[in-house]
Amino acid sequence: MDTRPIGFLDSGVGGLTVVCELIRQLPHEKIVYIGDSARAPYGPRPKKQIKEYTWELVNFLLTQNVKMIVFACNTATAVAWEEVKATLDIPVLGVVLPGASAAIKSTTKGQVGVIGTPMTVASDIYRKKIQLLAPSVQVRSLACPKFVPIVESNEMCSSIAKKIVYDSLSPLVGKIDTLVLGCTHYPLLRPIIQNVMGPSVKLIDSGAECVRDISVLLNYFDINGNYHQKAVEHRFFTTANPEIFQEIASIWLKQKINVEHVTL
């Protein structure tokens with residue numbers, strides 16, 4: 001038994017979609033979450049800067065005595081995950097491989113779409129992972145740089161959000177049967193995305209898929225939390241306005257949380 005928390009990092013609030021699924025599947029595990037909303041989005045930034053910011057988040061989580069770190073950010077996973085994983089002596093998990101694997105299982109016509117930040121798409125990481133596992137699957141990647149600002153400003157239900165999503169996704173409509181939400185912010189726009197793509201297109205939430213792998217690693221390294229603990233205390237940190245973060249988090253997690261401000 002290991003009651004240390006699991007650390008989550010993201011460029012902002014998007015990683016809460018992963019946390020929500022973890023709380024549902026593994027309610028006995030404690031969480032420490034850091035969202036770098038002050039510097040979001042990461043996607044348009046240079047690779048060197050993204051790596052620098054990611055290491056700052058990692059080092060913050062290490063001060064919280066975490067037993068595992070989850071990159072709840074596709075951009076950070078694409079740029080820095082392998083380096084961090086090779087450096088630390090605790091398990092470090094990214095969201096890309098779980099999402100890629102789920103897409104392969106989902107597609108019936110071998111036509112998969114991937115949407116993500118400009119950096120995630122430019123890295124080509126999803127296509128590489130998918131075609132490594134299933135060479136016959138065709139992958140169409142599309143950068144959607146306007147999605148993260150919509151979520152970070154809590155405008156998911158606005159008319160402008162619907163127009164942006166419709167305009168952004170039009171190149172993929174009718175061409176795929178599976179769509180990977182290759183940014184953990186994007187599930188917060190899921191109803192609009194599904195409406196645009198149509199009911200026949202299966203949406204893959206890479207963050208939610210990641211939770212299954214978290215469970216596997218907890219078992220493998222024998223670092224599961226206390227199954228009998230009914231109430232666990234989570235901690236949430238943001239580099240931006242805690243009130244905005246709290247508002248979005250409370251809606252998504254369906255519970256009121258306390259959010260602390262941190263300067264990195």
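Including glycine, each Cβ sits where the backbone N, Cα and C put it.
As given in Swiss-Prot:
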type     : residues                                 : note
BINDING  : D10, S11, Y42, G43, N74, T75, T184, H185 : substrate binding site
ACT_SITE : C73                                      : active site, proton donor/acceptor
ACT_SITE : C183                                     : active site, proton donor/acceptor
Number of other Cβ atoms within 10 Å of the Cβ of S11 (substrate binding site) across all protein chains: 32
Coarse DSSP state, helix versus strand versus coil, of D10 (substrate binding site): strand
Cβ-centroid neighbourhood (8 Å) of the substrate site, D10, S11, Y42, G43, N74, T75, T184, H185 excluded: G12, G14, G15, A40, P41, C73, A76, T117, T120, V148, C183
Whole-number Å value for how far C73 (active site, proton donor/acceptor) lies from S11 (substrate binding site) (Cα to Cα): 7
C183 (active site, proton donor/acceptor) and N74 (substrate binding site), distance between Cα atoms, whole Å: 5
CB within-chain contacts under 8 A for H185 (substrate binding site), separation at least 6: G12, V13, G14, T17, F147, V148, V151, E152
Cβ neighbour count (within 10 Å, all chains shown) around G43 (substrate binding site): 25
